[in-house]
């Protein structure tokens, strides 16, 4: 019987192979085309990067990238494995070591300080050196470190932050804030000793530290308004009310800080965003939810813009302004919504967030040029997310493995977590997944160890690069190397000795100068 089952499975898997792939010449031609493309990369693009775009998939480890690729292909009615993500088309790929100075498995705050500020830091701290202890306000003074967003702004560039999390989340906020605790979103979340010690909440720092950021979009309205002020979209929901103890309206403060004669627009609704005449807007603040933005699968496309839509608006506005800045933080992120989906054990939510990030990368690709735009895609850390089980070609990415456990004789999904909320025991045994809707958007995949929240993973993450000086991202790097390489390519920051005309060839200006864009998902 066992031999018959193996034979039937082999015949089934053989039927899944596309006819063209049975011909050895198909693979040889594909390999030769890849080789020709690789040989062309020997002519390095050493132009000055007029534009920088950093796409950050929070929690987007290599297993998430691979699963998202399969999902994208299956959404396009393919088998999935042969599909290409937009980031897969980037010619240079590296690995980044993600550990924090005091943590083998990192958090999103310490990693954000690394890939934005160029300095590794302790977990839970933002925009400060490892000399700062988490929660201790009195260790912060003199330990602040600046980000590539600040370096670009100091060089006269336009910058922007776009995220699917709250704009005060750890991932985007390292671009502008210095904090001993990533959770100090407003003064309402800060302890008395930190307030008495003179430390500022993250929302206040967003408005005050770098007051002329051209584009800021994401969630996080409630941290900008006085405590108990009703939310404009959810006026009857207490959890969405303002949180500020200082009674300040930071949206109003953001407007008032802009130079005379400049137009600053605040929007909280998708309709308001898409109706803007960007040629007449100098500064844009879009806060579309009280907290983090809604998962892409659950998003109300009447009220909330997609990440792709926000990216399109951001780039077009920065082109108009002659500069660019981007945070996704798709991205998210506080880890971004990819990260949040994994923490909740909801792989379907996480992977659809990753596919939406990939759409946003495609939008940016169409609106910019590889001749003058350095684009980098990476993650802050991974997750204990995996998929396996000897699934056949084209197996639904959220489907069952083609076998049962040889221990408890129950089926299992291909996607599993090392730990998290999906650990379930029913009548003393592992839950039988055939009795539940494992394809539901909020299904929590089974995990080996019970935890209320699934944890990050500690392995290296991928770094994809395309454009001027993209070849500087190669091999295995410390994560804090990333902003130094990007700054070198754009002739910003402290290392500019190579930027004279003799050292770097001039290029025609193909687009108005964009500057820096940080995207977080």
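Cβ from N, Cα, C; glycine included.
Listed features, source TrEMBL:
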{"type": "SIGNAL", "residues": "1-15", "note": "signal peptide"}
{"type": "BINDING", "residues": "58, 169, 171", "note": "Mg(2+) binding site"}
{"type": "BINDING", "residues": "58, 339, 343, 380, 381, 456", "note": "Zn(2+) binding site"}
{"type": "ACT_SITE", "residues": "108", "note": "active site, phosphoserine intermediate"}
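The binding-site residues shown are 58, 169, 171; of these, the one with its CA atom nearest the CA of residue 456 (Zn(2+) binding site) is 58. When the CA atoms are compared, the recorded positions lying within 10 A of residue 169 (Mg(2+) binding site) are 108, out of the candidates 108, 339, 343, 380, 381. Counting only the Cα atoms, the space from residue 343 (Zn(2+) binding site) to residue 171 (Mg(2+) binding site) is about 15 angstrom.
Across the structure, residue 58 (Mg(2+) binding site) and residue 380 (Zn(2+) binding site) place their CA atoms 6 angstrom apart.
If you count neighbouring Cβ atoms within 10 Å for each of the binding-site residues 343, 381, the highest count belongs to 381. Taking CA atoms as the reference points, residue 171 (Mg(2+) binding site) and the residue listed as 'active site, phosphoserine intermediate' are 6 Å apart. In this structure, of the binding-site residues 169, 456, the smallest number of CB atoms within 10 A of the CB marks 456.
Each of the recorded positions 108, 171 was scored by the other Cβ atoms within 10 Å of its Cβ; the lowest score goes to 108.
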